[in-house]
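Per TrEMBL, the features are as follows:
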type: COILED; residues: 121-193; note: coiled coil
type: DOMAIN; residues: 271-647; note: domain 'Cation/H+ exchanger transmembrane'
type: REGION; residues: 209-228; note: region 'Disordered'
type: TRANSMEM; residues: 266-298; note: transmembrane segment
type: TRANSMEM; residues: 348-367; note: transmembrane segment
type: TRANSMEM; residues: 373-392; note: transmembrane segment
type: TRANSMEM; residues: 404-431; note: transmembrane segment
type: TRANSMEM; residues: 443-465; note: transmembrane segment
type: TRANSMEM; residues: 486-505; note: transmembrane segment
type: TRANSMEM; residues: 541-561; note: transmembrane segment
type: TRANSMEM; residues: 566-589; note: transmembrane segment
type: TRANSMEM; residues: 595-616; note: transmembrane segment
type: TRANSMEM; residues: 628-647; note: transmembrane segment
Amino acid sequence: MMLLLPAMFYVIFDQKDQVAQRAIKLYPSKGATHGHSWVTSNCKRLVGLLRQNNVVVRKLAAAADAVRQDQTLSEPERLFQVHTLEIFQKEMNESEHLVFQAVHGLQRALQGDYRDVVNMKESSRQRLEALREAAIKEEQEYVELVAAEKHQQEAVKSALAQNKTLSMLDEILEGVRKAADRLEEEIEEHAFDNNKQMKGVNVEAVLRVEDDEENGGKRKNKSKQKDVEDDLGLSMLIDSQNNQYVLTKPRDSTMPRADHHFIKDLVSVVMLSLPCGWICSLVGLPPMFGYIICGVLLGPSGLNSIKSMVQVETLGELGVFFTLFLVGLEFSPERLRKVWKTSVQGSCYLSLLMVGAGLLWGHVLHIRPTQTVFISTCLSLSSTPLVSRFLAGGSRGDKEGDLDYSSVLLGMLVMQDVQLGLFIAVMPTMIQTQKGDLDSLHVLYLLAQVLVSLAAVLLLCLLLKSFLIGPYYKKLHAESKGNKEILVLGMAAFVFFMLTVTEFLDISMELGCFLAGALLSTQGHMVTTEVMGCIEPIRDFLAIIFFASIGLHVFPTFVLYELTILLVLTLTLVIMKFVMAVVVLSAILPAGSRHIRWIVSAGLAQVSEFSFVLGSRARRTGIISREVYLLVLSVTTLSLLLAPVLWRVTTHKWVPRAERKTIT
């Protein structure tokens, strides 16, 4: 290392001298002697410091060896002294390393061109990486100092224990302390050290913001390190990209902690959802729009009081799962067999028509085929939770041999959920297409993989129906007499089991929830009624959170800025989906089912809330731009707002008064 130093300083000195000579020509009054002497004296001084550093490092290593061989010291005291010497030795080596990094940085700067922005950006990136590495090493050194301090305390306690006799209570506490230390060492995961060297892990600068409950809950940066360490449960981290993070797992798992941000957010959503839903009911609108308005008021476009948005949305996803579970309970296998052909053909034809129309418009507007296929597929999906709420509380028309519109509508929605699983599986291929890495064999492989997964799920469902569902429910029913929590827990566990299976096979989790309900519906009407009575209250509460989470992504200001174009796009989309559904159903339904095609088309003439999820994934991977994402988001929201109006008008026209569905 020392052999390379003179050559390095020679290069830097030579370049610095050239810069100085150039400056002398431009500014003769500055003088050349001062610049030359400054460089020479500082280089000599730096070389002397580095030599002293090497001498000190060797002396520290010799001192550490001497301490290890000293038998007069106790074990804790020996560990403390060795640890302290090693830390100081690392500090000296790191200081020398930082000097060479600074020399390399100066060399790059002298060789660079101030007009070359790319070169300046690369230099800045290298300095940032160096600072990140230095931050990690400094963090490690701080942790080691804390450990050394602990060893010092152990040495002091050991010395005191040798000089006095411990009482019985002190001996008990000493044993408890040692057991607690062993427990902390066993449960500590060392997540930072284990993950910092993994591929894809980046070190970033973050801000830690604390909540000061003593000052009315106002957030502020705490300067005292002790306050930060004592109050980690309320900390929030903010990175340079303005992403906010909350604590998910503390280092000390022996202390219970609560995410107060999430609790406050959940309380706010529930309390505000009541008046919003009540007002919508009074004016004749579905309460779900009140819940969406609640999310708008509390979200980024309103009061911006929701801090744990991801947690609220995750809880809302459970509402989707249980909604589809109840849909599957109501959708008996007999009804599925009755409409499966119509459902498969109708959903496939409708998706193909939407993709074809999208490709046509994309060709006219010169949009890339990848974008048009993605947008068309997103817009072809319809909202199963919304339609299931439309169908709640009405007659189902389950007469043998009859086709009722609820069966056809739910069947097509279920097939769209299957298509959603296929689409999610194909999204990686679309990303590769966007990057120019398309391979037809890879596409066929992905499609075959999805088909095999679907076949495996159907085979599992057949085995469960034949051998497990009946005994499982009977056992739960026998154990839950007088206590329904076992039944509720058993049903939730079964839903999550099917969800996990479909997710493991890279199929839509929502499809697994629906299949769980469909399997239980094979056990008869009494089983279905009992399970629905237990699960419906849970579903209703979680559905409120789900619709409120949709409102968090509704931005009224953007809608107002582009209201004209958004209304035109939404009305065009709704009318186009309605007309396409009518055409498709007219071709595949019997001639006497005129009213069914109109009602089913009205139920399909909106966009699924899963467009939010798919759109966010596509934006992150570069399939669509930010502007297209906001348009998809706004059009989806407006179509969901228009859906109840179209549904009410259509059912009022084509459904007899005695069988008319109540929008709840």
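Cβ from N, Cα, C; glycine included.
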Overall pLDDT for the coiled coil (121-193), taken as the rounded mean: 68
Interface-richest range of 348-367, 373-392, 443-465 toward the transmembrane segment (541-561), CB pairs under 8 Å: 373-392
Leading stretch by Cβ pairs under 8 Å, where the reference is the transmembrane segment (348-367) and the options are 443-465, 486-505, 566-589: 566-589
Long-range neighbours of the transmembrane segment (373-392), counting only residues six or more past its ends (CB under 8 A): 286, 288, 319-320, 323-324, 326-327, 350-351, 354-355, 357-359, 406, 409-410, 412-414, 416-417, 419-420, 423, 430, 510, 543, 546, 573, 577, 603-611, 614-615, 618, 623-624, 628, 632, 635, 640, 643-644, 647, 661-664
